[in-house]
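Lifted from TrEMBL, the feature list:
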| type | residues | note |
| --- | --- | --- |
| ACT_SITE | B:Ser46 | active site |
| ACT_SITE | B:Lys90 | active site |
| DOMAIN | B:21-100 | domain 'Peptidase S26' |
| DOMAIN | B:113-154 | domain 'Peptidase S26' |
Amino acid sequence: MAEPAWLLAKRSATAALLSITLTDIVGNIARTHGDSMQPTLQPGEKNLLGFLKGDIVFFEKISAAAYKYHRGDVVVLRSPSDPNQWMIKRLIAMQGDWINVPGSYEILQIPKGRCWVEGDGGNISLDSRTFGALPLGLVQGRVTHKIWPPHRFGRVERVFPKGRVMLDDEV
Amino acid sequence: MSQWFPKLKPLGREVWERSVLLTQFLCCIHIIKEHVVEIHQVMGPSMLPTFSAVGDVLLVERLSTKFQRIKQGDVVMALSPENPRLIVCKRVLGLEGENLVVMPTHGSGRVQHIKVPKGHVWLQGDNLSNSTDSRHYGPVPYGLLRGKVFLRVWPPGGWTRF
């Protein structure tokens, strides 16, 4: 009788449905690739051993649904130049803020609905310094925890970028 | 003794089974809405000859944007670059790397020559004189596209495929 096999298939289908829904609504994990968020997040290498070295982070999407982000949050966002690529950056400024563009004397105001993101790792980062202010709609979630490797497990803190932005309002 | 309470054990089991069923149902709805097909009502005058301004109901499929099958001329739903909570309906006029000549919005503007940057699309409403689109906020990152409109289901009789 094929009863147990049928039951197993049904259970796994339910589990798949539930996990897809939860990863869509609650949060998901992402892996760090580049150097751009050092020293907050460490990158891994491409080979199998390096796969285990790179930081894996958990990002939550509940605040993403309402776009309630704060300056200094580490966020996951889709790359503006490649829709399949995701980036992990720190949110520096929100719409309406005035920001001093690094490496220049230019001061610009972030347009409506956009945000300014930068990597923590100095100049080695493909971020708003290249792309300019990015639409907030690209942001997928807020990084809350490092979950891998185990010895680096911990919260990812919000670090307010002091002296970088002139605030428009308290968001 | 148990024959006097024949329903007691099955009751808890029934509650459990019902809630599993309900969860499965809600998950299915979520997955279909988030990954396959979605219903949207469009308001506003920006797509006027194509859609009326009073709220046509459209079916939007989410697969073409996911697998990057968007072509020039497709009508898409996208998150507005100016307000991530707002979903707008526009037509794709240019894909990445294409050169466009954009006519001025109002009488005073100039003709612009634009190359759509990598990973972006150029969106415009069909109602050129009353549409906030790429002429206003520039090329839109592909990541903001939510889906491709493929069928209008309301008003009745006006079923149109796109």
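Counting begins at 1 with the first residue displayed.
Including glycine, each Cβ sits where the backbone N, Cα and C put it.
Of the recorded residues, B:Lys90 (active site) and B:Ser46 (active site) place their C-alpha atoms 8 Å from one another. Here the domain 'Peptidase S26' (B:113-154) has long-range neighbours at 38-40, 45-51, 55-62, 64-65, 68-70, 74-82, 87-103, 105-106, 160-162, meaning same-chain residues at least 6 beyond its ends whose C-beta is under 8 angstroms from one of its own. When the domain 'Peptidase S26' (B:21-100) is classified with DSSP, helix, strand and coil residues number 20 helix, 32 strand, 28 coil. For B:Ser46 (active site), the same-chain residues that are 6 or more apart in sequence and have a Cβ closer than 8 Å to its Cβ are B:Val88, B:Cys89, B:Lys90, B:Gly125, B:Asp126, B:Asn127, B:Asn130, B:Ser131, B:Thr132, B:Asp133. Residue counts of the domain 'Peptidase S26' (B:113-154) by helix, strand and coil are 7 helix, 20 strand, 15 coil (DSSP-based). For B:Lys90 (active site), the Cβ neighbour count at a 10 Å cut-off comes to 26, with all displayed protein chains included.
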